[in-house]
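Enquirer: Structure in structure tokens, see below.
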């Protein structure tokens, strides 16, 4: 038997994990084992909302060392994280300034300024990326305007996964799928757009040319002295999650469900027409030259904040209580930018209901019901938008990531969208990370080959739409006429 041992470092906005994958070549089986899981979150530092990258690096190294201590020979390592955020380095590789998080308010007003000065359509034609106020384009402008004293010291700007790869290997890389989330990569050249970079105030010398997934960045030397390849995987966590989505045919859509919900489809060509611009559709880079045509939805961030504020620890009990409540009594638009990072999420949700003359969700279960129903309805809106954009309906929706464990939300999604939902795999970002490593090690041919492995080894659950459900009736009778506000457009 031939085995490969690959390690995936998967960092999300609320948690991180170091996972060991064991691939058996002869039977094409893949098993995952969690080695180390740790918390991640936002911090306040010198007036900014930041990430504790030192703590994250320590947790990554701890997880890697645990694998080595077990005597396991690691064949490769890959790192994926969230998008848009970056770390600045000087000529000696030391950090400059703070690793500011995308939920910081420093970019307020800059997206509108860019649209006024450069033209909204021109920015979109160049980048193909949706307008979000925290895109790297606006973060860099905020940096150069508000902290000009840092500029002379900056030699390099590394996106989060590239920074952690650099810390392990000493080698710098700018991975393509994550680079596209910045709104700074030209969609035609796959290189940094000079006009957009110039507006941001950043120096092009801070960046190297983006590289597509599948190359070896460098090597991490483990405590035992072995040199282990660190692979540039599809380092944007959604790009990795899509790789592990067992999409079957052109009529399959995906929903990567976590802190954010990313709903979309794969395409060989981008969509940058006026319809796509009006819908704020993004064309993020994927593996093998594919595009992830998708839309950002605020996702389970709202629930995470409610759980935190109400100090709720038993999520299954909350979901059970939520399921017993009637549907669609409290409806908000999760994509309203008032929910990006409010001081108190519960109060913000209640205020949104009050302002629209609805009942006010008071209990924990009512707040959760409001979030789940509102998300499912927004999923239906976005799926319809995506189908109209490409001129063809979808036959199934694959929900992947941690959020796919929420069976109530899965069923609500199936009912609201009127589509068959296949939930799983849960650890989609980790699996997609592993998939690129296995391709780099010449164990698998391509993404479609890897998806066959996922289909046969992952635990998948199907949810059939119920046209007689409360939310299905709501969609048919009321929801189809409502107007929704674009997220940050």
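Cβ from N, Cα, C; glycine included.
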Enquirer: According to Swiss-Prot, 83, 236, 237, 238 bind substrate; which of 173, 186, 188, 296 is also listed for that site?
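Expert: Looking through 173, 186, 188, 296, the residue Swiss-Prot assigns to the substrate site is 296.
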Enquirer: Which one of 119, 128, 402, 418 goes with 13, 14, 15, 16, 17, 259, 304 at the ATP site, as Swiss-Prot has it?
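Expert: Answer per Swiss-Prot: 402.
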Enquirer: Name the one residue among 68, 370, 417 whose Cα is closest in three-dimensional space to that of residue 238 (substrate binding site); these are the disulfide-bonded residues.
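Expert: With Cα distances computed to residue 238 (substrate binding site), the winner among 68, 370, 417 is 417.
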Enquirer: For residue 353 (disulfide bond), what is the tally of other C-beta atoms lying within 10 angstroms of its C-beta?
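Expert: There are 20 of them.
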Enquirer: Give the three-state DSSP assignment (helix, strand or coil) for residue 237 (substrate binding site).
Expert: helix
Enquirer: Residue 417 (disulfide bond) to residue 237 (substrate binding site): how many Å between their Cα atoms?
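Expert: Taking the Cα atoms only, residue 417 (disulfide bond) lies 25 Å from residue 237 (substrate binding site).
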Enquirer: Near residue 296 (substrate binding site), which of the recorded positions 16, 222, 370 can be found within 10 Å, Cα to Cα?
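Expert: The recorded positions passing the 10 Å Cα test: none.
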Enquirer: At a 10 A cut-off on CB-CB distances, which of the disulfide-bonded residues 222, 370, 413, 417 has the highest count?
Expert: 413
Enquirer: For residue 14 (ATP binding site), identify the closest of the recorded positions 68, 236, 237, 370, judging by Cα separation.
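Expert: Sorting the recorded positions by distance from residue 14 (ATP binding site), the top entry is 237.
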